[in-house]
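Below is one structure, written out as structure tokens; the observations come after it.
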């Protein structure tokens, strides 16, 4: 076999050649480290987030066409790119050349916050426009289906995309985002006239036109190469792996004979993740992506034959074309396949993955294999011995040797037969999220009847996700043949299939009862579908479907989205150049979109740089018997391995580690994921390989405490207990009409910031100085803990933060620990050290939002007034205290939300468990505490027979009132938000419409709920609220401003420049902000608590006013001068042009002994109304509409403020509905990445989203009367939770099920389905508790 070793491809129009290619190298690190194209980001490494999206272009010499498709660079081996052209975000535009319209519009439509996901979003949209310059809304939504954003809530990204939509015959690109295709989705009036957007967030007239003629051309050299008929097999190799890329079938077969165990790889979407995450290594890879015979598309008399190398995206296009051309009776299978292909993975994976690879991988949760198996599909195989054909049946799917591919065989193509008349095929799936999520259970079902007789002649049913392989219910189907298609058959079928497709209680993946229920629920849906079709074909002989059942056949998937925004106009009295109150674009928006914004890991490699990674504990509670690092140290490139013995203890006054005074554990571990060793090597690859070779011997210890209930049982708490009491609770209980007791459990939440924990530590070489470049929220803490570990004073450690790719509270405490260890390694070896956590490590190590258990006892009157409330709050703190006590305290101080409970008592405990310590996360205890209170109110309403909204209103604060901690409060704006939300959401009208819908539909239900919000702003002490700033004026009249706040996406730097512009009456273009550093602003407080702009803005304002006061004589002498004139004059008179600004903090205190104080400066008020629709058979839900009204004071920047509100709302919606952490009974976290842990995607947002601000209100103590909005909106996500609750209540009420209805959070599809009890949930078998070990435990 001839071989060549040179790899040739193009990147952004430039030729790239590599003579010694390592087949293990993926495109992402090659772009970032070798080509220094850092715009393409690492987000997860598994193709699940889209941050690394690039466009790949290939020329097909047969069709003479160029195919452009999006791909995940993290899964693309560079060896697979021979002859391809890669386009990255840098290749389509930059600030140095010209920006592309896609980049411009995403930035100017305010579609970026932290900006880390933005290059991937840009490239997904760009690729779509290369193929479809005037896309439809459906195409846009599909194109972004593989991209995640944790900040924006997607609305502004969608609005940016809509500006490219077709406009002929449609108003899709109107400025308010409202399209004629989308209006009136629920048949109800929208906003009244006069409620339009008060000013535009962006002006489409400014946008650059999209001109396809200006795009990069496909390199002619690659076209010439592809046309050559004398191509050779190419072999690329390294010490560990060989990559073989044959050109002909003959060469492919030769390679397969020589290396029969080598996998055949097309897109690397299956083999790649297995190698990365499961440690499966293949010394030889065969990649036949240039063989024409594997890409055939043949139409025969019997069906369609598709080549094994055809991508899933191409299969989707082919099937869509076929279904348009052929009669429906022939395309039943193709329609079913298309249904799954709409939601299978994201566009990037669908364009990379091949049909053959998907089939042969035989993943147990494959969406296509169950369908192909029931459709009598066959596989065409080839080997040296010749061709043969095998059925794609259960034996093949189970890898039975007699029905499987032989090691030397390859799959050439797949035959998918046409369907026949009286034959019907359907596809079903239910996942945690509608799109880009593996199915919990999926199914393919096919039935064939005798002509017009309704008697089953053939029946085939297959399920995925319910066993180690796809399972066919062949025995059940055989017993049903010959039976008429009626309800008796259905009942028998359910019982037969439940018996045959059995799941043990300990089945991997858990959710056993839910999966059993889906097995029969899907079967019932199939029965309904076929029954309706039969009725349509023969009105006489088949009974009509009950009208209440018809909606069960409709999909819940959201396809189009629209929104309206109503916010404040800038003050008419202010100067026209004054930017305060205007929707100024994010300072880094364009750089986010071009990939030029520099994050920590984008910094160039420093000379002699090392890489550090961690070895973590695999046990929840154990003694460390021994640590053997010898094998790891012997590997090439390994420099050192640190253990706890090398690092000195740190001063425990840092508080966050409590009694663990070691950064690396030496004697005992208290959770899975605890840091044990740090491996330092010359490269990341070498460090990670070495980490896998460290051997740790453990001796397990008891008890292992994972849950709150176990902590309560073992009295495992951190001290002290906190208590808040108001009024006389015990006496009040004697005076009420009714008393109820209940509890609610709320699961935790992963931060899922897009940029993982990142740091680069550089020793300066003298005086033991060291620079720490880090993605962090609390530079001072990093400075202090690093100085403590290095035993130097703080003035030798400088911490620098340019920007952070998302944080949400997760880059405060744990970042300090990671940075201190990295700094110790850098100091020890006198070399720079970089540490970038992989996504799985990050989630495992850093903890997240605290799971909560809330217990309540409420005493109330029959009219809904709650007179007494006694509550207990428990949070799962994890192994170390971290910020858990503060979270409990904030939860207690905020628990009453918008309500006045005249007699209230609440106690709170932080539970010590054997989990990684949980920490701050947006909302800081309020999302949990508030949900407990709202659950109590909902149950009180049910007991009183009243609507929950009425009970909420009855118990709401009156205008002038007092909180439980005796702080005076004026809630006028709370009442106004509630009333306006009621009005703008048409609540009364829609409530009636929801009730009408529910009365007419049995298997689908709608729910409507409205919740108020009172979110206190303040940090509990004056010291925690101090801030400083430094402003320099240069002689050319330009200004440099620095302050202590961290830019995490919330736009604080943008607001600070607006402040300087107003105070100095200077254009924004003259002001610059470089970043945050302990070198310029010492002793900073952490950025969080919604006060970053408040506090630092007041410090910046103070600095500017100091300068103005100092320069007043100069300016008065030359009032018409410029800043350049004034600066030069001041310099000539030896007047300082630099000033520090300082804000000492809001007056804030709380005395826990008395339960009294003034912990908060002000309150943010709001209300949200959400409507949902649920599928009672599957547990799926659709977010139909949300209306939010917020009191924002006076908005400094409406674009940034509305972005914070809607981003927080979507994150909260995820918290309360789909984001679920799964732990093993041994304390191992399963959900360590986007493939297991689902945050909201574009498919999850409300189809309609309406946000409005109250008119401006005055507050002389805050920055221009503004309010901090970073956290408050997250709680409003629970309006979706209670809307689902309302829908479930309606379903249960119709079924005659008794109350009370108590639902835990998150309200996942599993919880929704199992709460909608019916005949199917009753027929499933249930395992006795204690008779099995569950796959996961609820934490």
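Easy rule for this one: first residue shown is 1, then count along the chain.
Glycine residues also receive a Cβ, built from the backbone N, Cα and C atoms like all the rest.
Keep in mind the model is a prediction, meaning the values are calculated, not measured.
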Q: Among 74, 79, find me the residue Swiss-Prot lists at the same [2Fe-2S] cluster 1 site as 44, 49, 52.
A: 74
Q: Determine which of 216, 222, 411 appears in Swiss-Prot for the same FAD site as 264, 265, 266, 267, 268, 269, 270, 271, 345, 354, 358, 367.
A: 411
Q: Given that Swiss-Prot annotates 113, 151, 807, 808, 1048, 1089, 1090, 1091, 1092, 1204 as Mo-molybdopterin-binding, name the residue from 740, 869, 989, 1269 that shares the site.
A: 1269
Q) Within 8 Å of the centroid of the Cβ atoms of 114, 117, 149, 151, which other residues of that chain place their own Cβ, given that this set defines the recorded [2Fe-2S] cluster 2 site? A) 112, 113, 115, 116, 118, 150, 152, 754, 805, 806, 1049
Q: Enter the number of other CB atoms within 10 angstroms of the CB of residue 1092 (Mo-molybdopterin binding site).
A: 27
Q. Which residues, sitting 6 or more apart from residue 114 ([2Fe-2S] cluster 2 binding site) on the same chain, put a CB under 8 Å from its CB?
A. 150, 151, 753, 754, 755, 803, 804, 805, 806, 1048, 1049
**Q.** Where residue 264 (FAD binding site) falls in three-state DSSP terms
**A.** strand
**Q.** Packing count at residue 1269 (Mo-molybdopterin binding site) (other Cβ atoms within 10 Å of its Cβ)
**A.** 28
Q: Among 117, 345, 1069, these being the recorded positions, pick the one whose CA is nearest to that of residue 44 ([2Fe-2S] cluster 1 binding site).
A: 117
Q. Distance between residue 270 (FAD binding site) and residue 149 ([2Fe-2S] cluster 2 binding site) at the Cα atoms, whole Å?
A. 24
(Q) Just to be sure I understand the packing, how many Cβ atoms besides its own are within 10 Å of the Cβ of residue 151 ([2Fe-2S] cluster 2 binding site)? (A) 28
Q. What other residues of the same chain, not counting 44, 49, 52, 74, have a CB atom within 8 A of the CB centroid of the [2Fe-2S] cluster 1 site?
A. 28, 41, 42, 43, 45, 46, 47, 48, 50, 51, 72, 73, 120, 839, 1234
Q) By CA distance, which of the binding-site residues (52, 149, 266, 411) lies nearest to residue 1092 (Mo-molybdopterin binding site)? A) 149
